[in-house]
């Protein structure tokens, strides 16, 4: 059954997300394309145009392959494909770290060129100034603490956070700094479960967990991981709700066989002369 085109602006805004603290868990997924946004929009509260797009769709080894132009292009596609979900666009590495002024300029460009509801950036105490400046400019901003994909090269890989008293204290400081700076919510990624749960209890803005805790105020996964489309190793925290790898591989195998034995295209997939509909997409022949 075809998904209806979005026709009415009934967007969930950042303020509504903020008010969901402690309520029914927020449902969040990444989206990078128009058709996927259309399919997900009726079921989620928030769509994140994550810089993971550089890995998932563009084949880069890390999220550092994302550029501002790339994020804007995918943000535009997701906005076109959705009508209800709050759309948040990641600020890629290199677009905000240098100064508050740089962060505001990049955030404003993202919002102006996509129409998205908010932006997201990585970092806690060290990025509080950037978060505060973006929020002061009237642009809703989501924080991101814990495992920071943009810092994996500096950190020596994807390391779980919160294993020592020192790192637990640092995570709590990051969460409080993000909250105080004016973020409307914060992603907590790749932490010890009890630490994420404690942070959730101690701060007043919603926490969105990914490899964190079921006690977070919401959960997010990369869409390709969730539907079983990821072709490389899938993180432990992912639950696959479908197996699109097999669906696509089997469809390609069947298509190849039918092309080679000339059973495709069949009579119903070609135009039969004067009685053919003039509509390329089909229609009754008369």
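For all residues, glycine too, the Cβ spot is worked out from N, Cα and C.
What you see is a predicted model, and the numbers here were worked out from it, not measured in a lab.
Within its own chain, residue 51 (Mg(2+) binding site) has 63, 66, 71, 90, 92, 93, 149, 150 as residues 6 or more apart in sequence whose C-beta sits under 8 angstroms from its own. Per Swiss-Prot, Mg(2+) binding site is recorded for 51, 90, 122.
Marked as 3-methyl-2-oxobutanoate binding site by Swiss-Prot on the basis of sequence analysis: 51, 52, 90, 120.
Here Swiss-Prot flags 189 as active site, proton acceptor. Close to residue 189 (active site, proton acceptor) in the fold, though at least 6 residues off in sequence, lie 144, 145, 146, 147, 148, 149, 209, 210, 211, 212, each with a CB less than 8 Å from its CB.
Here Swiss-Prot flags 263-286 as region 'Disordered'.
Taking the binding-site residues 90, 122 in turn, the residue surrounded by the fewest other Cβ atoms inside 10 Å of its Cβ turns out to be 122. Classification of residue 120 (3-methyl-2-oxobutanoate binding site) by DSSP places it within a strand. Taking Cβ-Cβ distances under 8 Å and a sequence separation of 6 or more, the neighbours of residue 52 (3-methyl-2-oxobutanoate binding site) in its chain are 30, 63, 149, 222. There are 24 other CB atoms within 10 A of the CB of residue 120 (3-methyl-2-oxobutanoate binding site), with all protein chains counted. Neighbouring residues of the recorded Mg(2+) site, listed in sequence order and excluding 51, 90, 122, comprise 50, 52, 63, 66, 91, 92, 93, 120, 121, 144, 149, 150 (Cβ within 8 Å of the Cβ centroid). Secondary structure at residue 90 (Mg(2+) binding site), taken from DSSP and collapsed to helix, strand or coil, is strand.
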